[in-house]
């Protein structure tokens, strides 16, 4: 006896045992020891070679797992099954793969082993081989790959001589996957000599692990049973028919395709799987069905025609004969509308075919186990086939049953399965009888067994001891069959399939005999009525046969007879009903024959069917057919002795038909009402139609009783026609029932859609309500009035331009680096009017002053963004002289005026709110200017305690959505799109704004969009300023640039600033932004109020400024009177406070530039040190303007730059030339090559120096009193300056003087150089220290400033005439009026200047020195500053620098 080999570790399975002393136990014991001699002796005694142990393992499995080569040879020679399934689903092929021995695996494969099978965990033999370890798995996996490659080569049609050279897997042992030659020899090969070719496969049967196959005489590769093996490309979709698929059980799907010009149905697995999925084992079901179907042949079994293999050989598809209708389950429960009536003859015929197929399977030793209505396939009308053999078991001689897959029955089939199958006990022939009885009950009651209960619940119910009983509604003899067949215990199922088939055949014979004879002496024959065509009851699919049923029904309507009836007058009677009996209606005859339900009762049942009644409609209709025939016999017995004659028959028919016609008309009206309701549902769901029910509706609408046929010799039976009419009524009622069920389903779907719509409407209402509540929260808030011209008296003129022309290029507006949506937002929103919603919140709309200021381009501007003046274009690299600048300015202004005329006219047409003529507007304007000037010189103007920031605060609070920020640069602006989209959605929801258009007609927008656009536009410089104002917080400051910051429009020194910042941050800033504000505030002290606020603001068009700064209700105007900013807008007097410029706007009809900054000269003395300081600040501003291209409006930029070049110098005689050259500088700045977008244009140092130096400039450009107060205010806050800083200041002055001299003489490149950046960084320190020593020289500075300003009166007045001349080009008449008005104002002011004296300077300085921060909040504070004194108004600065 051979020595036992140790069990390989790790092993995926355990080995079972047998403890008795039987031969099977000895077989397994010797198999474990590897003693093939003793095994051979035991097998000779007749022991089953596939006897299993406690784990379902055969001796071959044990030998292959332990690696006994000789023992495997013996067991295979004795016929052991290589695909035997253990209880865990594994096979000897799995065991051989795990052993690592190629010879053992080759022997198992040669015997028919399959490499595609899976165990219960979804593992195939290759997975078992990999589990054995790398040292043993490498050669084994390569061997399996060679077998697969060889099989592929054979399928793809390579030379079949290859099969003669390599006819078994043994010849692939140790061979590379090369098929021209053969390299033999392997350490794992068999000790025996290799067999010669042809010895193993003498019968041309081959197996390489993918099923047994052989070559026919025509060299066709086939499986046993002559099943062709085809490729997946050979099965295609037919061109002349639609795709038709249906489910054949829980896992399989059937599809109608074409193979080799034959119409077939292909079965495949329809279950998504993934690698290492346990559901991969379900693929074994197709292999098992292929095995069974290829070995079984019967007319009632679905014929397997071919096997389709995939390219990777892993998936197979089974090619069956064409199935036209589908499964019985789909006909009964899924597509019943296509088959409304199943007659008894059809039902019996189908049941007989299924019984024949089951009898054949049982005779071959197979048990179907999974018989259900899914397994019954109706291939054509009246022809059924049994399939789904994948769960079939084979009973052997020893009484054991062989399951090829070990896949448990799916729970979906428990409704038909026998209790022993559900509980996974041993299945027998009685199990199939139980399932067949379930099908009989299902087809007669239209109910799924167990009333459609879920399979898992069915199993629980059976486990608890509950079982089904036969339905009492079943007719005889089917009730007896079902009652006997569904007993819980198998021994009580006394009726076998032969007995059931005998009963069914007898019933069918009686039915057929009744069709042929139809005699009154045969009550059993009268139980059935012959149907006109079997296709009417069970037609084909809707694609193929729709016309034959229609034809038959029409034929039935027209003739009133059965088309396929043997005779039209088969009833030969001499007795007819009495006339009085014929007069009664069908409903009155109901008590006489309770078996025949009346038409009215049937209609009532259709209207309100119960679940139990609905399942029996098919059976009841068939009973009605037979019952109607027995009605005649019963009546004959009731009325004996009634005479009969042809004339009597005719008279009786004439009397009977009207009463029947009344009943039919009543049903027809009811069905018409139903059809009308049904049409309304077809409007909702257009996909649904009554294709199969159209002919029934037609028959109802055109139902008319034909004239009784006149047949010779009086052989026509009156009841035959009555039966026909009743049968048609019953058919129509059944159709109506189905249609009503469909309509109920459509109604349910419609109600669901309506509910969804209502829910969506509720959500929308809730959102609108929340937004409305948010807007009403600030509805009663009292806002401060806007500072500006009196809106009660001023109305802008309506200007009609003579040359409307579409602008070709919009170079007048600076284009920011913003997203397209923001660009449109700014262009549309900032030229918009107020909406009604905001008007309700005390926001008073203000009409735009000048339509010319709306001159933005209506077409997309593809030009680079420029900093042009009004119409100013790039005039070259050199700075021209004064005269050339004037000529160039006039030419370019004319060009741009012509461009803007068409836009202005269109905007005027769409946005102007009044139609007053220009003359009346100018007269009102002139009166308003004079009134304001009188109040100013008399000291009657009132000043609010602080700036109008609080009004904007309230307005920010009114907004329900956060204001988006303008984009910064690079990746920092990535979330701009999301913010903008959110803003768009909210705006569109509230009806405030309409995005997506840039035409001039879209200018009429609301106030909300104007405010939003202004916030976006005015918040562009602040991040740069904050980023570099505090170098040690560079990183945090840079992060703050990504946030959307709502900017303050005016600077304030009031105590409410902190509160306002917090409120505004809650709307527009993240938390990090607020924290950083306070960090900077802690470092810089109180001065951080100025440092952390935006010091400059992008200049916008006059309309934006007019809307945002001049919002004031009439009531507030009366209460608050007029403030100083009104005077600034009207007469160019700058109202400045706390070292900050304001965003102001010019309201004159003919000017588009912003109001100019002004100063008040005192005495014409020589230039002093104060002028020098003023000059330094202007030079700093010049440097910054030369180096940065912030977002200034074209016109504003020209005036800003031109006036910033105005420097108070000792050489007063060269002032005019200096100013003329400086006015041409903007042309240099507008060069597209040198212009930078906002996002990356300016360096941090330039931005810092620009803000800081201009802050100093603003303080020094104030009137003397304001400068003194401001400087004194900051002296207390700033630390004393260091000596080294003072030295640097003196050095900077000298450098700036030299740089200004070079600028006066030559026009050089205005790009910022590294030297300029260095100067600007140093100047930041200089400007921060100016306020510290300004107070010590304050009195002298004020006197010098007065003398400097007086000396330049005439020159600056000439400079001011340039904008007037430019605007005159738009309208010469109006331009002269404006010029005259300006001169008149100057004359009035000069006279008042002479009449009234200037108060002593001591009083002003004292008032400044004595002013506290709390006093600034009082309205009388500004009167104490000297603003009530008469002043001479001239212009030094036309820039509109704002926050």
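Placement of Cβ uses the backbone N, Cα and C atoms for every residue, glycine included.
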From the candidates 186, 608, 645, the one which Swiss-Prot records as phosphoserine:
186
For which of 585, 701, 1168, 1351 does Swiss-Prot record the feature phosphoserine?
1351
Among 495-514, 515-534, 615-634, 635-654, indicate the range for which Swiss-Prot gives the feature region 'Disordered'.
635-654
Annotation match for phosphoserine in Swiss-Prot, from 337, 659, 1166, 1271:
659
Cα-to-Cα gap, residue 211 (ATP binding site) vs residue 431 (phosphoserine), nearest whole Å:
31
If you count the C-beta atoms lying within 10 Å of each candidate's C-beta, which of the binding-site residues 205, 209, 211 ends up with the smallest number?
205
Let me spell it out: take the repeat 'ANK 3' (88-117), skip the flanking residues so only those 6+ beyond its ends count, and list any with a Cβ under 8 Å from a Cβ in it.
8, 11-13, 55-56, 58, 60-62, 64-67, 69, 72-73, 76, 80-82, 123-126, 128-129, 131-132, 136-137, 139-140, 143-144, 147-148, 168-170, 172-174, 186, 188-190, 200, 207-212, 281, 283-284, 287, 313-314, 405-407
Listed ATP-binding residues 205, 206, 207, 208, 209, 210, 211, 212, 213, 267 - what's their greatest C-alpha to C-alpha distance in Å?
26
Which number gives the other C-beta atoms within 10 angstroms of the C-beta of residue 213 (ATP binding site), all protein chains shown included?
22
Distance from residue 213 (ATP binding site) back to residue 431 (phosphoserine), taken between C-alpha atoms, in Å:
34
Helix, strand or coil by DSSP: which one applies to residue 431 (phosphoserine)?
helix
DSSP helix/strand/coil residue counts for the repeat 'ANK 1' (27-54):
16 helix, 0 strand, 12 coil
DSSP three-state assignment (helix, strand or coil) for residue 207 (ATP binding site):
strand
Please work out the number of neighbouring Cβ atoms within 10 Å of the Cβ of residue 431 (phosphoserine), leaving out its own Cβ.
25
